[in-house]
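One structure is given below, encoded as structure tokens.
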Amino acid sequence: MDAATSPRPPAAAADWTIPQDWARYTPDEHAMWDRLFARQQAMLPGRVAPAFLDGLDVLRMSRPGIPDFAELSERLMRATGWQVVAVPGLVPDDVFFDHLANRRFVAGRFIRTPDQIDYLQEPDVFHDVFGHVPLLANPVFADYMQAYGRGGQMALARGMLPQFSRLYWYTVEFGLIRDGDALRLYGAGIVSSYGESLFALDDPSPHRIAFDLQRVMRTRYRIDDYQQNYFVIDSFEDLLARTAGTDFAPVYDALESLPDIEIDTILPEDRVITRGTQAFARRRAAG
Ligand SMILES: [Fe+2]
């Protein structure tokens with residue numbers, strides 16, 4: 001989600017959706033999906049939230065090839081009333097929020113090339129569909145995503161989009177969740193990345209801090225490398241209650257007078273789960 005960098009392409013509808021054109025994928029493109037899928041599927045059990053694996057199963061996503069959005073949407077509709085629609089790339093914020101508020105998840109339809117297997121700038125169909133869609137089959141997470149879309153309209157009106165976007169970043173994209181004494185992955189940016197799926201749980205570098213709505217909305221993030229901070233929720237129910245169940249007006253009033261928090265800062269009031277060394281980020285910064 002972000003501001004669009006170009007005007008709506010002529011082929012797109014008013015809501016920016018385009019046909020997926022599933023029949024146009026080449027064998028090489030399907031093979032790229034299968035390669036990425038196999039690598040994540042072998043590594044994620046025991047690391048990812050069980051609800052994610054349930055979603056793969058319910059949606060029959062382990063079948064070979066790039067999923068056909070129409071068929072995927074049928075299964076998803078039966079599970080939670082969500083659909084997956086194709087868009088040409090990043091869409092304007094209000095369009096993005098409107099889709100989520102109406103239980104439509106917008107996904108890119110292109111797939112990365114072999115030289116982009118570990119890093120690409122714009123989300124492709126593997127990130128968007130493998131990363132995001134399984135959890136949309138979970139009723140509580142599905143409600144959270146819709147609530148996020150509804151909240152977006154208010155954030156826009158209040159001029160609080162940067163802060164509100166951090167909520168998405170640190171939950172939907174890069175969230176961790178407790179599972180008994182262990183931590184598990186659920187953010188799409190992590191689960192669709194081989195490297196970050198290992199780093200986010202195992203590396204001593206990043207901080208892992210208990211989720212707090214206001215804290216998260218004040219915290220900057222990086223888009224160019226593995227995160228320096230992960231925020232940990234107790235459960236999807238808890239996340240839903242702390243966001244959809246919250247009146248954001250007083251939160252925004254408070255945020256207006258509070259400074260942003262730098263990426264690697266730990267505050268005295270934080271509930272720290274692991275205090276990171278930040279060694280990875282420092283090594284990268286040193287080149
Ligand atoms: Fe994403």
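Every residue gets a Cβ built from N, Cα and C, even glycine.
Sequence annotations record features per position, and here TrEMBL assigns Fe cation binding site to HIS127, HIS132, GLU173. Residues within less than 8 Å, Cβ to Cβ, of HIS132 (Fe cation binding site) and separated from it by at least 6 positions along the same chain comprise PHE105, ALA107, VAL172, ALA188.
Taken from TrEMBL, the feature domain 'Biopterin-dependent aromatic amino acid hydroxylase family profile' covers 1-287. Per-residue pLDDT, averaged across the domain 'Biopterin-dependent aromatic amino acid hydroxylase family profile' (1-287), gives 94.
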GLU173 (Fe cation binding site): tally of other CB atoms within 10 A of its CB:
23
